Ligand SMILES: NC(=O)C1=CN([C@@H]2O[C@H](COP(=O)(O)OP(=O)(O)OC[C@H]3O[C@@H](n4cnc5c(N)ncnc54)[C@H](O)[C@@H]3O)[C@@H](O)[C@H]2O)C=CC1
Ligand SMILES: O=C(CO)COP(=O)(O)O
């Protein structure tokens, strides 16, 4: 099975570098100028500087050429996933599509596997998610991720194809759990960044992470996910990483909110749109998601940090 990575941002480039250690990989960029620059420099200086592209990577901006591969990894932001699939749906027919994005679609409340199933019903959909920074994968540091696919045989084949020397994949058929863990942990990372940025300390962060995890489970279980998926790499694992490292863009957005500073709007921060999508989904499902709701208030500037903190601390006392 041949493989192509569609989307040449930080994560797509890192995955291509890792996979190129065991097989030829096509890396697609929608921007011909960017593709040419990467081909010449043998580096993605725009999104992942400092990590050379191995010879086994072919960079192209020709989507027809890239979609010749059997397995297509979609490493584009969540809110762009539907557009790229819908615009070129004939090219994706019958392929194995592995989404590498984390989030919930703002307009529909759907996760990446659901969006792929809806947009290209003839394709077989999977999800690669879990704790990993693009820089760590590109540097060949040890990493473990979750590969989710509802078809157990395909999941096993993909696990073999996409596991590399330093990137170890665990498989699950629980796509809903993997989708929601990866999406919701980014919302909690924004909250944790805000707490640290505002100087509220590590104990407050631990409280938010734990109660945030309860919130993640509440929504995921209501959507039919398995608790063990949330306890795995795609849920607890990624929550831990993203809520505690300044390499995370979601966490850094939170830090800037907590410090009252601005933030570059061109940076991909999946948790911002996802917080709004989840807040609205929670309302529809009659689920209590106070941290998510508070993050939306911070993002919309309808709450100050002081108000957000007071609001969370004043909630009725309850059993854990
Ligand atoms: N950077 C990281 O460490 C990790 C990122 N991810 C996930 O990977 C996904 C992508 O993130 P990054 O690569 O980091 O973002 P990025 O901001 O570095 O790159 C996004 C890429 O998507 C491309 N893109 C945007 N809209 C597009 C469209 N309509 N059609 C085609 N391409 C389009 C952009 O040109 C850019 O190359 C996100 O969902 C993120 O949560 C997951 C794990 C780690
Ligand atoms: O998903 C990630 C780590 O697993 C990357 O986090 P950010 O998108 O917050 O940078």
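The backbone N, Cα and C atoms fix where each Cβ goes, glycine too.
On the 0 to 100 pLDDT scale, the domain 'Glycerol-3-phosphate dehydrogenase NAD-dependent N-terminal' (3-154) averages 98 in the predicted structure. What TrEMBL records for 3-154 is domain 'Glycerol-3-phosphate dehydrogenase NAD-dependent N-terminal'.
A coil conformation is recorded for residue 9 (NAD(+) binding site) in the three-state DSSP classification, outside any helix or strand. The NAD(+) binding site annotation in TrEMBL covers 7, 8, 9, 10, 11, 12, 134, 249.
Residues annotated as NADPH binding site in TrEMBL: 11, 30, 102, 134, 249, 270. In sequence order, 75, 100, 134, 137 make up the list of same-chain residues 6 or more apart from residue 11 (NAD(+) binding site) whose Cβ falls under 8 Å from its Cβ.
According to TrEMBL, the feature substrate binding site maps to 102, 249, 250. In the three-state DSSP scheme, residue 102 (NADPH binding site) is classed as coil. Cβ neighbour count for residue 102 (NADPH binding site) (all protein chains, 10 Å cutoff from its Cβ): 29.
Under the three-state DSSP scheme, residue 132 (sn-glycerol 3-phosphate binding site) falls in the coil class. For residue 132 (sn-glycerol 3-phosphate binding site), applying a Cβ distance below 8 Å and a minimum sequence separation of six or more within one chain yields 143, 145, 167, 241. Residues annotated as sn-glycerol 3-phosphate binding site in TrEMBL: 102, 130, 132, 185, 238, 248, 249, 250.
The domain 'Glycerol-3-phosphate dehydrogenase NAD-dependent C-terminal' annotation in TrEMBL covers 174-308.
Feature annotation from TrEMBL assigns active site, proton acceptor to 185. In the three-state DSSP reading, residue 185 (sn-glycerol 3-phosphate binding site) counts as helix. Here residue 185 (sn-glycerol 3-phosphate binding site) comes close to 102, 212, 216, 235, 238, 239, 242, 243: these same-chain residues lie at least six apart in sequence, with C-beta atoms under 8 angstroms from its C-beta.
Within 10 Å (C-alpha to C-alpha) of residue 249 (NAD(+) binding site) lie the following binding-site residues from 30, 130, 270: 270. For ligand 2, the binding-site residues lying close by, meaning a CB under 6 A from one of its atoms, are 248, 249, 250; the full candidate list was 8, 30, 248, 249, 250. Selection of the binding-site residues 8, 11, 102, 238 by a Cβ distance under 6 Å from ligand 1 yields, in sequence order, 8, 11, 102. Counting every protein chain shown, the Cβ of residue 134 (NAD(+) binding site) has 21 other Cβ atoms within 10 Å. For the domain 'Glycerol-3-phosphate dehydrogenase NAD-dependent C-terminal' (174-308), residue counts in helix, strand and coil come to 99 helix, 0 strand, 36 coil, using DSSP.
Taking a C-beta cut-off of under 8 Å and a sequence gap of six or more, residue 8 (NAD(+) binding site) has these contacts in its own chain: 16, 27, 28, 29, 34, 35, 38, 44, 47, 59, 75.
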